């Protein structure tokens, strides 16, 4: 006998249909709104993130009779424990021929890529590599980074610490994975010399 989890029951109460296959979670509502999340099968979903994603899919388009209807995202994870946080990561438009700027950390390369127009991922790509360390963890290991080959201009010193390069994953594998999946074609690699953090 199959027992539904608390989360499965919550989705059923809200009328959300959910299926998993090949590390992709497909979601839908009776309204017709649908969403897909790239998420390894063994990792859990977060109810708030799913609701936000489907709410976005139901947004009415200005000056248009239709709705967004379909959204796509990759979840943002708490580093270390593999649990998605309560929001989904924004994506960058990557229709065929679109130029997409995919930033690395303050000290890592960023990429200018050309979109391949992959409809399976709603003509989009990632907006960066994602964090490897939580902001709180970075504050607790605050170190001077004055010898690095770039400068960070900020009005709030804690931002320099929270957003240090060690807080982020390496952008290289992220770019490679998206190229292999047919989302983008990398074109130009940039190295930062100056970063402003608000």
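Just so you know, glycine gets a Cβ as well, placed from its N, Cα and C.
Note: TrEMBL annotation is automatic and uncurated.
In the three-state DSSP assignment, the secondary structure recorded for residue 127 (active site, GMP-histidine intermediate) is coil. If you look up TrEMBL, you'll see 127 marked as active site, GMP-histidine intermediate.
The GMP binding site annotation in TrEMBL covers 103, 104, 105, 106, 110, 127, 128, 129, 130, 197. Its own atom aside, the Cβ of residue 127 (active site, GMP-histidine intermediate) has 15 Cβ atoms within 10 angstroms in the protein chains shown.
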For residue 103 (GMP binding site): intrachain residues, at least 6 apart, with Cβ closer than 8 Å:
110, 127, 128, 171
Quick one: of 105, 110, which of the binding-site residues has the smallest count of other CB atoms within 10 A?
110
Would you say which of the binding-site residues 128, 130 has the most Cβ atoms within 10 Å of its own Cβ?
128
